[in-house]
């Protein structure tokens with residue numbers, strides 16, 4: 001195999017050392033007459049596929065970061081261990097993709113230098129391990145977190161145009177080593193096969209924008225208003241969730257609705273708490289160690305008031321933003337207690353912020369008494385009823401009759417034979433397509449989607465026309481004055497044509513230059 005001009009022997013020797021673990025010079029390698037065999041080509045193809053496989057997993061890992069706090073909470077409930085597992089995920093993914101990417105670059109450089117691709121057995125073993133690890137990650141995602149597949153589909157609306165340009169660019173760069181291999185190969189059948197496969201892939205890539213759809217491909221004057229922000233348990237990145245401090249921080253983020261969860265104590269006092277047990281967000285294991293495993297509703301209000309509902313936030317740091325809190329905020333967070341619904345309604349009334357809540361646990365035998373206690377607290381607070389958004393489905397008709405002024409929010413899509421029109425729906429962001437959001441908006445139905453933390457996702461939903469989003473990151477989304485990108489269809493068409501034409505010309509140049 002002829003050595004290409006411009007490839008120095010020391011460089012070729014170094015590449016061989018890293019890729020093949022052969023600590024001999026390129027000159028000696030050439031004297032041995034070693035060539036890239038079909039088996040070596042198969043391992044190179046396997047390496048290329050592993051790189052693509054890990055690259056796809058990296059994309060998924062970045063997408064699921066929007067929902068990773070839910071995974072952290074799930075692990076804590078199962079193992080009582082709190083850790084930001086997103087860091088573990090990203091570090092492990094970065095190691096795998098860096099390893100496969102370095103090997104791939106080494107292989108391409110060796111091919112350009114006219115050296116044989118003799119992948120060492122250690123690298124082969126590690127590549128197989130990489131495939132098994134990534135396959136296990138995908139399998140676990142499909143079994144335990146299947147809704148993230150829908151999140152990935154939504155993400156393509158935000159990244160599709162840019163992925164197209166990136167993939168076309170990568171495949172264009174691949175033309176140089178491919179041309180080198182084809183001209184140096186003695187197998188006519190292999191040459192034809194590689195050319196046909198490469199040509200087919202490029203044709204598909206050139207035409208792929210015909211299948212790319214995104215709500216952000218629109219004219220500037222067609223952009224809907226910015227969605228309102230709903231604070232998920234307040235502002236949980238800035239204060240302990242479901243506390244008065246969290247509500248006030250949410251107000252400072254221009255949040256229009258405080259979303260929370262209500263439970264009722266053993267002596268009939270509604271209070272704020274998301275989990276059925278108190279272990280994650282209080283120090284119940286220190287104060288009542290023998291009762292720590294009991295349901296939150298098993299405690300009376302006097303007991304609940306003895307618990308610290310803020311120190312866990314500073315100790316476990318559920319979000320990276322905790323590290324940047326001021327000394328005053330840290331002191332305030334450490335003093336947080338479990339608030340009663342009465343206290344929260346009073347704060348909401350003075351802050352002119354609406355409150356939307358679930359009533360938990362839905363399967364409790366005394367659930368009707370929970371509903372009654374909650375309604376009593378709302379009526380006694382004197383808060384304007386239009387500031388209350390009622391989520392619970394249990395005894396909804398009773399609530400409508402007793403307090404008709406409360407806004408009813410439904411956790412489902414409308415039915416074809418709906419007896420009365422829905423005015424508000426609250427759904428996971430994966431459950432509604434851009435087309436459905438537009439249709440609901442045309443029909444004057446308010447759509448709130450949860451939980452939206454990443455700017456790319458907020459941008460897609462903004463372009464689609466969603467009314468509001470529930471978020472943990474109100475301080476981030478508050479600062480967004482515009483979607484991350486907005487392209488008129490004519491501009492996108494021009495970019496598509498230019499990118500494809502430049503790619504085609506560079507591929508022709510690569511084959512002519514290498515020849």
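Every residue, even glycine, has its Cβ placed from backbone N, Cα and C.
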Students should find that the transmembrane segment stretch in TrEMBL, chosen from 465-488, 489-512, is 489-512
Quick one: sort out which of 41-65, 216-240 is the transmembrane segment according to TrEMBL. 41-65
Maximum Cβ pairs under 8 Å to the transmembrane segment (85-113) among 41-65, 125-143, 163-185, 192-212, 489-512 is reached by 41-65
Which of 41-65, 163-185, 192-212 shares the most C-beta pairs under 8 angstroms with the transmembrane segment (125-143)? 41-65
